[in-house]
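Quick look at what TrEMBL lists:
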DOMAIN    25-90  domain 'Dihydrodipicolinate reductase N-terminal'
BINDING   63, 64, 65, 87, 88, 89, 90  NAD(+) binding site
DOMAIN    93-229  domain 'Dihydrodipicolinate reductase C-terminal'
ACT_SITE  120  active site, proton donor/acceptor
BINDING   121, 130, 131  (S)-2,3,4,5-tetrahydrodipicolinate binding site
ACT_SITE  124  active site, proton donor
Ligand SMILES: NC(=O)C1=CN([C@@H]2O[C@H](COP(=O)(O)OP(=O)(O)OC[C@H]3O[C@@H](n4cnc5c(N)ncnc54)[C@H](OP(=O)(O)O)[C@@H]3O)[C@@H](O)[C@H]2O)C=CC1
Ligand SMILES: O=C(O)C1=N[C@H](C(=O)O)C[C@H](O)C1
């Protein structure tokens, strides 16, 4: 994603990326010298980077997925001082899909089983994907429940019948798949499938740049891509 973001910057403002930063030594310098930092590091660095954003008064766009509760707590704390946009997916299509998912889940009762299927390339380290989690949260929100109370993140062995109200996740990994997601609503006699296919990683990079421009002038606070796109209810 780092390369995709620098390519998108070159395409949009003609900027040429400088040498890669010495990650540990220079992270503080990067935050100190920037209006906005776009962070697509692997899981494990988000809390530290959120702290640096707050310490240097630098807005931040976080694309990293596989986030832990401590990362969210650190981002909430940083958002008291700076604008912080965090999104499991920066594409317009996926963010529209979250709105559709929430609406469908609100309309369809728990006679409709909700399952979320995702597939990504073989190098992805976290599961379920950030997007799948985002879609699960949208479905849970539509149902008026907390995702952690109803999520089934894996199934193996003799696990019994599926309880009503469960939101299931299925993870596929392989090859070079950029990102595919389906939200399946399955009832006794019919099935509704909402789907998104990403066809180019530049899609996420362009969305992150849109978020960065937006964050540069936003008041301190914790935001997501629906805020950036003006799609919040
Ligand atoms: N929100 C969204 O729309 C999207 C989110 N993502 C998420 O972004 C994250 C990164 O994905 P991806 O680019 O595929 O992962 P990669 O592993 O391909 O790239 C991660 C990069 O971060 C570098 N890195 C590792 N540690 C640090 C550090 N402490 N400081 C600075 N750089 C560091 C790595 O360097 P090196 O290789 O030398 O270790 C590598 O270049 C994942 O969590 C992924 O799920 C991805 C696509 C879209
Ligand atoms: O790791 C990836 O590649 C992607 N990660 C994000 C996620 O976890 O949902 C977004 C996109 O699907 C690609």
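Even glycines carry a Cβ here, placed using N, Cα and C.
Overlay of TrEMBL feature records on the structure.
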| residue | record | contacts (Cβ under 8 Å, 6+ apart) |
| --- | --- | --- |
| 63 | NAD(+) binding site | 1, 38, 39, 40, 87, 90, 204, 208 |
| 64 | NAD(+) binding site | 39, 40, 41, 42, 43, 45, 46, 71, 130 |
| 65 | NAD(+) binding site | 43, 88, 126, 129, 130, 131, 133 |
| 89 | NAD(+) binding site | 95, 130, 131, 134, 179, 204, 207, 225 |
| 120 | active site, proton donor/acceptor | 129, 172, 173, 177, 178, 179, 180 |
| 121 | (S)-2,3,4,5-tetrahydrodipicolinate binding site | 173, 174, 175, 176, 177, 178 |
| 124 | active site, proton donor | 173 |
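Counting other Cβ atoms within 10 Å of each Cβ, the lowest count among the binding-site residues 88, 130 belongs to 130.
A Cβ within 8 Å of the Cβ centre of 63, 64, 65, 87, 88, 89, 90, the residues given for NAD(+), is found for these other residues of the same chain: 62, 86, 130, 131, 134, 204. Secondary structure counts, DSSP: the domain 'Dihydrodipicolinate reductase N-terminal' (25-90) has 29 helix, 12 strand, 25 coil. Neighbours of residue 131 ((S)-2,3,4,5-tetrahydrodipicolinate binding site), defined as other CB atoms within 10 A of its CB across all chains, total 25. As a summary of secondary structure, the domain 'Dihydrodipicolinate reductase C-terminal' (93-229) carries 53 helix, 34 strand, 50 coil according to DSSP. Checking the binding-site residues 63, 64, 87, 90 against ligand 2 with a 6 Å cutoff on the Cβ atom leaves no residue at all. Those residues of the chain, other than 121, 130, 131, with a C-beta within 8 angstroms of the mean position of the (S)-2,3,4,5-tetrahydrodipicolinate site C-beta atoms are 65, 88, 89, 118, 120, 124, 126, 129, 132, 179, 181.
Residues from the recorded positions list (89, 120, 121, 131) with a C-beta closer than 6 Å to any atom of ligand 1: 89. Around the Cβ of residue 87 (NAD(+) binding site), 27 further Cβ atoms fall within 10 Å across all displayed protein chains.
For the domain 'Dihydrodipicolinate reductase C-terminal' (93-229), the model's average pLDDT works out to 98.
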